[in-house]
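Read through the structure below, which is laid out as structure tokens, and then see the notes.
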Amino acid sequence: MDGKVVLLGIFLLIVSPCFSINIFQLLGQSYRKNLIQFREDPQFGNKKILDEYDFIVVGAGAAGATVARRLAEVSEWNILLLEAGGEESLITSLPSIAHYLQFTNYNWAYHTEKELHACKGLVNKTCPWPAGKGLGGSTIINNNMYTRGNVRDFDRWAEAGNPGWSYNDVLPYFIKNENIEVPELKKSPYHGVGGPLPISYPAYKSKLVDAFLESASEVGMPVGDYNAPGSHVGFSRIQSTTSNGRRITSARAYLHDNLKNLHVVEFGYVTKILIDDRTKVAYGVEFMKNKRKRKVLAKKEVIISAGTFNSAKLLMLSGIGPKEHLNSLGINTVSDLRVGDNLQEHPSFAGLTFLVNETVAFVPDRIYRDLISEAFKIYDKKSFMATLPPEAVGYVKTKYNKDIGDIPDIEYIFMSSSLAGEGGLGGSIGRRSMGVPDKLFYETYNGVLARDTWSIWVMLMYPESRGQVRLRSANPFEKPVINANFFTHPLDLKRIVEGIKMTIELSKTKAFQKYGSTLHKTPLLGCRHLEFGSDPYWECCIETMTMQMHHQSGTCKMGPEWDRNAVVNSQLKVYGVNNLRVIDCSIMPTITGAHTVAPTYMIGEKGADLVKSTWLNKA
């Protein structure tokens, strides 16, 4: 029966993403217990919301779920976790359909404003910018990639005036939350065993990923553990937040232990932090639940873990932000801070396509023809449904990289598929999730649709450009204004171009040539006036079909008091307001050279300890 349900859900989403916007949530309510084997937990039911708790945590993503769970380990504290979305569903446990989930209510579905140097060829000339909504946050809709970043990322945070955030300080928290399932890494001193979050290689592996790993030696790259210090430059299979071929979200890892002192509220949309005007003390929140405004108080602290966009938005709605901006919207300023500035992301290019001469790739059309048989193998971790769209990564240094040692500036995200490999009924979801319109897609890739292909998405690891988040109005239900400002610093574009050229050279290795790999050379629509393969051509391609990686960070910057852009201190306390912290990836001073979910779990673990230290020492 489960296979039939999955088949129905996927079919409806393929045929009409808009029609099936809620289908997966509905399926999950009926079948979640059988597929992902959660206990029916009364904390997610209709438990009465109290008037007051010790701590209120807003947002149940990687950080929020972690913080709430760890604070609840103190049995005498009562914790309220408020989440704007709902529970996971049956379908969200399948790693292979991350792109599809972006068309459901599990996504806030944000967009950038029109960009000067990016997203020029996308729908409405804006970049779609997914952000997870629900118990699990972005861990519901991400690609499950677990990469911590570089040693220097965290040492630089500490050197910038944030004591306690060096690599040696944060490593114990990475280890604490991890249960490594990769056999050869279980004895590593840099990995944890017994933590709540399982880390494994993807259950399904294509033949092409072997070619990628074999190509490493031909270009002088090692194959190793990119999450260990001194090993960041090199190639590897992906370490992922999956177990036995199933997605593990922060909710599944942290929130299903029936802790009586942890109250989890779904569909609780927080609209304002309550702050005493006289004392500048945060004492609760206002939120909407079942179309009714509610108020709940916090005896000790309010903790905001709503993510880079929504944490900044909620602070500004509550009077914490740039005074000139708040004044323009009629919002009284409680603390004049540069909330919303310092927005950072890993811009990428996903348009490269390499054709191969064997049936070895992940081709949506071929898979959907066999969908019925696959749906009935839903429990089989070798099924394509257990695969991750990215299978491996490579970390390389371009000619622009002046850092000494193993500090790469480009990440290769290896896919045994490509945009061009899409085609037919089911193959358009990936590129639609990236905002690629029909005309650009078909005029560039027609003739190679549904062919066996592979691709590398070229990701910039340390952008110089900075964006900004602002309120659209004082209405808490309006989406924020997001100016990504991609490529406003010219070096960002040049690094990605160099990464593209290095990828093309990689395709010429013997490992890939045994499959007859050839670059698809139809020029991208909008860039045909430039010589194919030239630097100006690739720059045009990147600006035309820009991709972001859901790695938004930095809008509530952590820094010392003398840093005029700092919003929180090294204890994650908001400047100018007492009993209020921000604990999520918005506090990153600079983005890590990593997919941000692993550092966000770490921030949640460390943030919870900071809160415990404050209040347990007061006892």
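Backbone N, Cα and C atoms are what each Cβ position is placed from, and that goes for glycine too.
Per TrEMBL, these features apply:
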| type | residues | note |
| --- | --- | --- |
| ACT_SITE | His551 | active site, proton donor |
| ACT_SITE | His595 | active site, proton acceptor |
| BINDING | Val270 | FAD binding site |
| DOMAIN | 132-155 | domain 'Glucose-methanol-choline oxidoreductase N-terminal' |
Six or more residues out from either end of the domain 'Glucose-methanol-choline oxidoreductase N-terminal' (132-155), which same-chain residues have a Cβ under 8 Å from its Cβ atoms? 44, 59-62, 64-65, 83-88, 92, 95, 98, 101-102, 105-108, 165-167, 169-170, 174, 199, 202, 226-227, 229-230, 232, 238-242, 247-252, 255, 264, 266, 307, 388-390, 393, 403, 406-408, 413, 550, 590, 592-595, 597-599, 602
Could you break down the residues of the domain 'Glucose-methanol-choline oxidoreductase N-terminal' (132-155) into DSSP helix, strand and coil, giving a count for each? 8 helix, 2 strand, 14 coil
Please report the Cα separation of His595 (active site, proton acceptor) and Val270 (FAD binding site) in Å, rounded to an integer. 27
Could you tell me the C-alpha distance between His551 (active site, proton donor) and the residue listed as 'FAD binding site' in angstrom, no decimals? 23
Across all the protein chains here, work out how many other Cβ atoms are within 10 Å of the Cβ of His551 (active site, proton donor). 25
Taking every residue in the domain 'Glucose-methanol-choline oxidoreductase N-terminal' (132-155), what is their average pLDDT? 97
